[in-house]
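Structure first, then comments.
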Amino acid sequence: MTTPSQQLPLQPPKTVRKVIVEVVDARDLLPKDGQGSSSPYVIADFDGQKKRTSTKYRDLNPVWNEALEFTVSDPDNMDVEELEIEVFNDKKFGNGSGRKNHFLGRVKLYGSQFAKRGEEGLVYFPLEKKSVFSWIRGEIGLRIYYYDEIVEDQPPPEEPAPQPQQQPPQTEDAKPTPGLVVVEEGRVFEVPSAHMEYPIPHGVNGYSHGHGAVPCYPSPHVMVVEESQPDVVHIQDELPPPAEPTPMPVQPRMAPGLPVPEEHFAAPEVRKMQSSRGERVRVLKRPNGDYSPREIGGNKSQGENAASAGVGGAERIHPYDLVEPMQYLFVKIVKARRLAPNEAPYVKIRTSNHYLKSNPMVYRPGEPTDSPEWREVFALGHNKQESANATLEISVWDSPTENFLGGVCFDLSDVPVREPPDSPLAPQWYRLESGAVDQNSGSVSGDIQLAVWIGTQNDDAFPEARSSDAPSVAHSRSKVYQSPKLWYLRLTIIEAQDLQIAPNLPPLTVPEIRVKAQLGFQSVRSRRGNMNNHSMSVHWNEDLIFVAGEPLEDSLILLVEDRTNKDVFLLGHVMIPLISIEQRIDERRVASKWLGLEGGGGGGSGPYCGRIHLRLCLEGGYHVLDEAAHVCSDFRPTAKQLWKPAIGILELGILGARGLLPMKTKGGGKGSTDAYCVAKYGKKWVRTRTVTDSFDPRWNEQYTWQVYDPCTVLTVGVFDNWRMFGDVSEDKPDSRIGKIRIRISMLESNKVYTNSYPLLILTRMGLKKMGEIELAVRFACPSLLPDTCSAYGQPLLPRMHYLRPLGVAQQEALRGAATKMVAQWLARSEPPLGQEVVKYMLDADSHTWSMRKSKANWFRIVAVLAWAVGLAKWLDNIRRWKNPVTTVLVHVLYLVLVWYPDLVMPTGFLYVVLIGVWYYRFRPRIPAGMDIRLSQAETVDPDEIDEEFDTIPSSKPPEIIRARYDRLRILAGRVQTVLGDFATQGERVQALVSWRDPRATKLFIGVCLAITLILYVVPPKMVAVALGFYYLRHPMFRDPMPPASLNFFRRLPSLSDRLM
């Protein structure tokens, strides 16, 4: 038999999002009632809804504990909705003199700062001013969260004939009431109205609650349903007498007499925040979506970090205060003695969650086999709760025969805890014992030396320890690298004498003598030398510059070539070791040298082949650029004597990554990612350990750098490790996942920024988000240190860059050589940092042609000139009297400035100050990451992307190259037209007095003479007033046609008519 509930069609339920604002209390409010106190109340405005709390009479530290409920009209756009909390003093409780309620402060938040119910915390926000002249102090404590409701309109159920004797007294409300289901993570609150079964929607707002239907009953009106661990929904079946429910949005109230299941909510976290507005980011209103950085933790200053460490600072702050401490169980296996006969013993380490093996011991010929040494450290993830009753088993086995040689067992509850700066734990000897595995206890003998302790990732042994999730130790460890010390080598070729030039040259033919210089992979050829017929010497006086890296083991090779004929003829060569070249740190003159040439004539035609005059020096006063200048992380010169003291410390906490995409496939076609992170600042590179087979790796590693210039950039990149699985013979490059840059000057002093940045990468298919990286950054330095402030007035580059500057093209070529040298140097480390990683971090391909970058630079220019366009539009509106009041005020201001010209400069600078103060409200709260709109990565054309990834020379077919060339010609034609227009306007200005058009020049000179006479007679203030009022005259006095002066200028001649 079918029930009525089975006959009704199932309709998808509707969800309604509720936002609860709990106004808890306020502290240290300003007295504004005229009697030394205030009677505050709070008004909350969200999504067009206003709610008000009660008034607390004469209380500067009021406590409300009131909840205000708001309904979200559009949950998808809740992140950009603004919540405004305003505190006022109630005039009814004052001395009666106030005509309005006094303003006590406000707080503005966005929906992106709201937490889900159960995850909220009590946050104290400092009260902000409404205007510059407001006098505000104090803070307000708020607890803000949201939850989703499912509202279902249900028809009245079919019931049998009413039986009055069985009906409860309160049956006058016979109308069906809508069922209410409050969906949360881990629990469901339901207010049913009829006996129905509705499936809980799977994935409402990102959540999934169970897999079955939730039965609904006609009474009681309020029921609490909790979800159990195996996704089974248990419902209370007894039906107590119903009563009129009064549900509160903060906590569901139950009807009288209804048994309430016990609920365990997490204790809300009370945290002090320096500035809540640090989370209210204006960038949320930009339609960048998931491509914008977001804050994942409260940005705190150093003082607040110290305050949170303990009262009075009694508790020591953890040295890894930017990351989460991760507990590890460390096992250090040193050696063994008096072992039973064996061939290649190894050690097994086993816990309830981990299993590791050491490398087998390989004995040398003649070495005793009873005393092997391993000296290995293992790090196993440790959970104190799970390991309370667990044990650690360490056993020794023989590799070929798998014979058991003995073991040791430890109770993990007795393992000591070590925290740096404690000294390392001393290894101890433990007797090997037989176990159930060994049937013959006589084969077990000897001792093993080891140490076991519990520590964190800050432990000294952690970087070299073997982990249970790392198949290859060498390519998965965290390491710190140093870039090589690079020098500029300046070679000045002055002249060469006594060269063995071929005598059989045609008449009137001047030999073409050039010098080719080689240093490693760098090769530069000089220009053609000038030959002196009297002395038969060749002169160049040309500078050639190379990049040399320490250790200075290479040699500079000079080849003097005769390129007169088609075949190049070698006249001689000389080899100069770099270690013998003089170093200088300033512009002092270096003595030149004569060096003899060897090996002329292709095979050595004689003992003497001539000599060459050179001047060589290693320049220590330059900074060797290995990064692009606009994203450089260091500007110090090579010579250490010229370094200035550091101005601060940069601390970076690499927390982890979220939602990484699979980068490779393993057995069975399963996607996998083995991610590690690389950070570069200055000469120091850091690499985190590789977390294998995880899309949400957690590194929690912290590093520091010394900062010498605040106007530098920190670069952080994420890569997928391929080398840990590859063979030694094959060098498979690591795949890039994405990178971000953080400018140090954007960081406030001593403030922690904990943010999540999207990892974006541009592929041949377009823009792709690879995941997110979570970082914590702090720039620790005194805010107004004289060295910090004076750094903004110092030259960006060292002194030699301005005394003897390098050309742009030459500097770009040297940067490419420096990048290649750094990549080769770091590739020789262990574990190696791949050349593809180094070149990606250093932007080695930033100089390549890209239509996308050209568009981005053009729009950057337009954005820079936007202020001038805005000013012109504003002046045009003033001229057209769009707002008469503003135009009249401009007239008055203009009169004041004309009559008192000494106020012009102070007024201008005051206006700049006011603009800066006004824009202080819109300052960036989060260090910006990659901007897809600025990079023109959203709307990039596929063909332009393909062109950007094309090689040089191009590998595309001729028809594609021809189409791209035609497109480039069209773009160049537009640029050519714009340049021609600029040239035309400049030539017209020159034509005013150049007599190209005699009549126009006569008119111009006559007008200038008339203006001169007028200015001699009429006071300049009157002239300025007349010109200003004429410019601002009302539109009724204007002619819609262009003015005569503009018509005169447009008729002036230019040189465009002379172009062929």
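Cβ coordinates are placed from backbone N, Cα and C, and glycine is handled just like the others.
Note that the structure is a prediction, hence the values are computed from the model and not measured.
As stated in TrEMBL, the feature region 'Disordered' covers range 287-310 out of the listed 287-310, 455-478. Non-local neighbours of the transmembrane segment (1003-1032) in the same chain are 878-879, 887, 890-891, 894-895, 898-899, 992-993, 1048; each lies 6+ residues outside the stretch with a CB under 8 Å from one of its CB atoms. Taken residue by residue, the domain 'C2' (310-430) breaks down under DSSP into 6 helix, 48 strand, 67 coil.
For the domain 'C2' (310-430), the predicted model reports an average pLDDT of 82.
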